[in-house]
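J.: Per Swiss-Prot, signal peptide is recorded for 1-17, and the stated evidence type is sequence analysis. If you look up Swiss-Prot, you'll see 176-416, 310-324, 334-357, 341-350, 379-386 marked as disulfide bond, on the strength of similarity to another entry. Annotated N-linked glycosylation site per Swiss-Prot: 207, 506, in sequence order, evidence recorded as sequence analysis. Summarising the annotation, Swiss-Prot assigns active site to 263, 455, 517 and lists sequence analysis as the type of evidence.
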């Protein structure tokens, strides 16, 4: 569950959160310090909508505005000695390698500022955890200058690891662990209510090696004394991790590489892929990206919350007519605020847009008690983002035996860190126009946008709309392309219709029938079907 509903609901939660749950806004040593008092000149330049949103926030939560910091508290951790690890890859060593180019000139073997990074690697004994029989590695990427430590867990392909592609999986939030994707969606196993490991025959490592990464820092098993609060900053760390990982394991570097994720990964993935492609000399063979039920172009996607909640997305209405009309009435102001955010990309305009729009367009649905990740179901466990299985996963991962087997250095695991969620929101990251990066990707690699059609929070209507509207060289032909049936082709259910797909050039949109926010959870067979065919280059 790459980008959990809690991610998108931050604005709603902030607008409706009870006073005992303070909003964390930065104060000391921050440009945000007492924003409505100390930045009066900036405030005067805001539009009326943005001013009103800030005033409403300050009135509702005066103590929060003035007293709380934006940074998440560091996780308790104990660093393991270097002797614990099988390998430590020094970024400074990799950075110092020079080679002779085709033109006879000396150049660095790989680009990028890697001196401050190290990668620690430990082989995971498959027999200790019983997740899968394949070769596994876990460890940390260390940013020594900024005290950041990102946790990863690698699973080799069950099929042909010497030739199968490598995939990086990212959950969203922002602030949610990618181990959710591992155990709830597409990894080699799940965890049942008795904390037993259950084999997943539809795991995405059936025909690909998969890296699950907890990012940004202070998410899952990752930790830091500092913080990352925007998508751009997170991209540098991901590039460093992949570069050092493939340096340690060159046998995987020759394979095709893909980045996949969901929800807020609709922000992450375009930026991370762009960061990789910006380096001419690299050891990352990036071929495509896959974004599932993502948030990428809010201006185009937010108008589709009302239709999805009101019976126009292929499922019965969740909201009554009066509430639907109220959402329609709120939409113009919402879109005006997002347009201002797009024009300036200033937190002072993007934050009010997030707060107002999430309250107006997502809040009414959230208050029904229906699962925002699946319009067909009630939210069964609000504390675990509507899925009780997340509680089992969290309990299993918090076992000392599990942490020791993985070389974990933090004292506890949480599936989501809502401090990180708020940090990204209050830096204006939520509403920024990351779709503008996508045309540059399409020029170089394949891009898949897929969407389970029962999701509300990042629904298929909005994802189809932004892909049709995207400004790129093939826009007109893509928008006119026919949505064709997507059917199973390679097992006993051959011919079963699992969705719709359209494609032109390097750009593909896919609607998956019966899938919620987490397609691999709801439709595991269909998920593995399209995934394998995408990696095979069918679209």
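Glycine too: its Cβ is placed from the backbone N, Cα and C atoms.
The shown structure was predicted, so the numbers you read here are calculated from the model rather than taken from an experiment.
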J.: Rounded to a whole angstrom, what is the C-alpha distance between residue 379 (disulfide bond) and residue 455 (active site)?
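T.: It is 13 Å, counting Cα to Cα.
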J.: Can you figure out which of 263, 455, 517 (the active-site residues) comes closest in space to residue 341 (disulfide bond), comparing Cα atoms?
T.: 263
J.: Between C-alpha atoms, which of these recorded positions comes nearest to residue 263 (active site): 207, 310, 350, 416, 517?
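T.: Of all the candidates listed, 517 is nearest in space.
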J.: Quiz question: given the disulfide-bonded residues 176, 334, 341, 386, 416, which has the greatest number of C-beta atoms lying within 10 angstroms of its own C-beta?
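T.: Within the set of disulfide-bonded residues, the most crowded position is 176.
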J.: Counting across all protein chains shown, how many other Cβ atoms sit within 10 Å of the Cβ of residue 357 (disulfide bond)?
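T.: For residue 357 (disulfide bond), the count of other Cβ atoms within 10 Å is 28.
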J.: Can you tell me which of the recorded positions 207, 386, 455, 506 is spatially closest to residue 517 (active site)? Compare CA atoms only.
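T.: Checked the recorded positions 207, 386, 455, 506; minimum Cα distance to residue 517 (active site) goes to 455.
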J.: How many Å lie between the Cα of residue 386 (disulfide bond) and the Cα of residue 416 (disulfide bond)?
T.: 13
J.: At the level of the C-alpha atoms, what whole-angstrom distance separates residue 207 (N-linked glycosylation site) and residue 416 (disulfide bond)?
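T.: Taking the Cα atoms only, residue 207 (N-linked glycosylation site) lies 29 Å from residue 416 (disulfide bond).
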J.: Residue 176 (disulfide bond) to residue 455 (active site): how many Å between their Cα atoms?
T.: 18
J.: Output, ordered by sequence, the same-chain residues six or more apart from residue 350 (disulfide bond) with a CB under 8 Å from its CB, or 'none'.
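T.: The answer is 341, 344, 428, 429, 430, 431, 432.
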J.: Just to be sure I understand the packing, how many Cβ atoms besides its own are within 10 Å of the Cβ of residue 506 (N-linked glycosylation site)?
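T.: Here the count is 18.
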J.: Based on Cα distances to residue 310 (disulfide bond), point out the closest of the recorded positions 334, 357, 416, 455, 506.
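T.: Smallest Cα separation from residue 310 (disulfide bond) among 334, 357, 416, 455, 506: 455.
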J.: What Cα-Cα separation, expressed in whole Å, is found between residue 324 (disulfide bond) and residue 357 (disulfide bond)?
T.: 14
J.: What whole-number Å value do you get for the CA-CA distance of residue 506 (N-linked glycosylation site) and residue 455 (active site)?
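T.: Answer for this pair: 25 Å between alpha carbons.
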J.: Just to verify a number: CA distance, residue 416 (disulfide bond) to residue 455 (active site), in angstrom, no decimals.
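T.: About 19 Å separate the Cα atoms of these two residues.
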J.: Roughly how many angstrom lie between the C-alpha atoms of residue 357 (disulfide bond) and residue 455 (active site)?
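T.: Taking the Cα atoms only, residue 357 (disulfide bond) lies 18 Å from residue 455 (active site).
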